[in-house]
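J.: Structure below; questions to follow.
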Amino acid sequence: MSTWERSESSSSPSAPSWFSHFWSSALRSKPLVPPSETTIRATSGEGLVRRLSLFDLLLLGIGASIGAGIFVVTGTVAHDTGPGVTVSFIIAGGSCVLNALCYAELASRFPAVVGGAYLYAYTAFNEIIAFLVFSQLMLDYHIGAASIARSLASYVITALELIPFLNNNIPSWVGHGSEEIYGAFSFNLLAPILLVLLTIVLCRGVGESSILNSVMTVTKVVIVIFIVIVGVFEVDVSNWSPFAPNGFESVLTGATVVFFAYVGFDAVANSAEESKTPQRDLPLGIIGSLLICIALYVGVCLVLTGMLPYKSLGGDAPLADAFTSKGLQYASVLISIGAIAGLTTTLLVGLYVQSRLYLGLGRDGLLPSLFGEVHQTRHTPVHSQIWVGIVASVLAGCFNVHILSHILSVGTLTGYSVVSACVVTLRWKDKTACQVFGKSISSRAEGLLCLITVVCCGFAAGVFYRFGASFIFLIIAVTIAIFAAAALHFRQVYTSTPGFSCPGVPILPTVCIFINIFLFAQLHYEAWVRFVVLSIVTVGIYAVYGQYHANPLSSNTLIIYQKAPTEAD
């Protein structure tokens, strides 16, 4: 009997209470359907159109990850870390590569539909976890889009002020933002206008938005490469010594900060339904775009720390200041153009990803069906896209979104951790119950207990590190996590997968989970509060609406699921 059938039987009218209905609904999952049992809805107008090539996917991933931060974050972190900031970006990039390998496997196994982390959690775990993952990710996306829109508006105004008659004649509320009111409200006119324009582009079709993203991404990458090449001739190698003036601990701290400079590669996974050959191109797009981003960041770090002593870095525009100090004023103009292009692509891809996530939930019934509709001629989720644009415009136009930065990144780290756990659970082969501490439990329950142990150890290690606790406590947490990972490796049976396969399962995904939760513990305490409060609100929404309208089988006429082949017992 399938998971859906079990949940339906348990949620029948004979169920004793509302709580039992809620519980059975929350625990149902989207079944993996073999290709032979699945049909594809091919009728024109009923779905998205496959138009994205591998090159488009690479540019999508780069566009999501490389924003104005490459011109700012590199310098601000270098001020505290020294030339060792290069190692910080390599460590953070390596950590993201591990997460990208997990995403790549699942993107290969679920190549036919949008949803990303939400879809993977729905299949590997259950409905309530999938809904929680969606809500945490979505808040990050909404606030992030509003913040990026404000930054983009500010850069555009700064560029316009290079025109003499506009210099100092543009009111601050037009693009830079008005003075704060009650610490939270700040009016901005240009940011919502930019969001409306990008929303229109996205509503017109993935072809138009892909062209804009490609042009802007290529522009910023060319500018970054040009800056690196020019900067190489201005490098003074003596500035690289000492390489880590504040010790290796500062390098690790820097890695936790710059980790978020790489986030965005998951946008490629959310373009599954619009990729021409998703099973081949999605893994290549995810990993390839991330490797290119690592190379760009490392190149900028080496040039920046070689041009000026690290103590001179850290201003609002450290890269522009470095080139200006060498008499290369034209570089400031190029950097401004690169920053505008970078912010535009980051914002465009962010809005694109949000609408596809809403599309997935609308199809599954967790949100009103309006979000699941696709325009018959444009082949875009117009209603979802407009909703995303409205939310971002209100936040960007009325609020000082920078004060909300303390609660960002929770959804990203949560989503990455769940994706890593999905790789492990979807590889498990069903087998009979086993004995643990004298009690008989299922193999799956034992595996989930091990994964939860890794999560707890990662958070504990992060808290111990953050508050400077005795090193012995950190060692204990890491040791327990190692034992849990060993139990996952030796006490579970894993199947192989078609398409791309993440190496080192279950150890590599377990390491990803530990690192992600370790970084979660480094976030501001307000982020922890946001995680708890939003989770409670999400459960409430699910209790009132989601449990009565969701149908895990609603997408089966749209999707081909690739299930790992079973082995003989």
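Start at 1 and count along the chain as shown; that gives each residue its number.
Placed from the backbone N, Cα and C atoms, the Cβ positions cover glycine too.
Annotations in TrEMBL come from automatic prediction, not curation.
According to TrEMBL, the transmembrane segment annotation covers 57-78, 84-106, 118-139, 181-203, 215-233, 253-272, 284-310, 330-353, 448-465, 471-490, 502-521, 527-545 (among others). According to TrEMBL, the feature domain 'Cationic amino acid transporter C-terminal' maps to 500-549.
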J.: In the domain 'Cationic amino acid transporter C-terminal' (500-549), how many residues does DSSP put in helix, strand and coil?
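T.: Counting residues by DSSP class gives 41 helix, 0 strand, 9 coil.
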J.: Should anything in the same chain at least six residues away from the transmembrane segment (181-203) have a Cβ under 8 Å from its Cβ atoms, list it; otherwise answer none.
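T.: Hits for the transmembrane segment (181-203): 145-146, 149-150, 152-153, 156-157, 173-175, 209, 212, 344, 347-348, 351-352, 355, 375, 378, 380, 382, 385-386, 388-389, 392-394, 396-400, 403.
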J.: Mind checking which residues reach the transmembrane segment (118-139)? Cβ under 8 Å, same chain, six or more beyond either end.
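T.: Sequence-remote neighbours of the transmembrane segment (118-139) are 25-32, 106, 110, 354, 357, 360-361, 364, 366, 407, 410-412, 414-415, 418-419, 421-422, 425-426, 530-531, 534-535, 537-539, 541-542, 546-547, 550, 552, 561.
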J.: For the transmembrane segment (84-106), which partner among 57-78, 253-272, 471-490 gives the most CB pairs under 8 Å?
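T.: That would be 253-272.
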J.: Quick one: do the transmembrane segment (253-272) and the transmembrane segment (330-353) have at least 3 Cβ pairs under 8 Å, skipping pairs fewer than 6 apart in sequence?
T.: yes
J.: Quickly jot the same-chain residues contacting the transmembrane segment (215-233) by Cβ under 8 Å, restricted to those at least six beyond its ends, or write none.
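T.: Distant contacts of the transmembrane segment (215-233): 59, 62-63, 66, 70, 292, 296, 299-300, 303-304, 306-307, 319, 322-323, 328, 331, 334-335, 337-338, 341-342, 344-345, 348.
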J.: Please work out which recorded stretch in 57-78, 330-353, 448-465, 471-490 has the most C-beta pairs separated by under 8 angstroms from the transmembrane segment (284-310)?
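T.: Result: 57-78.
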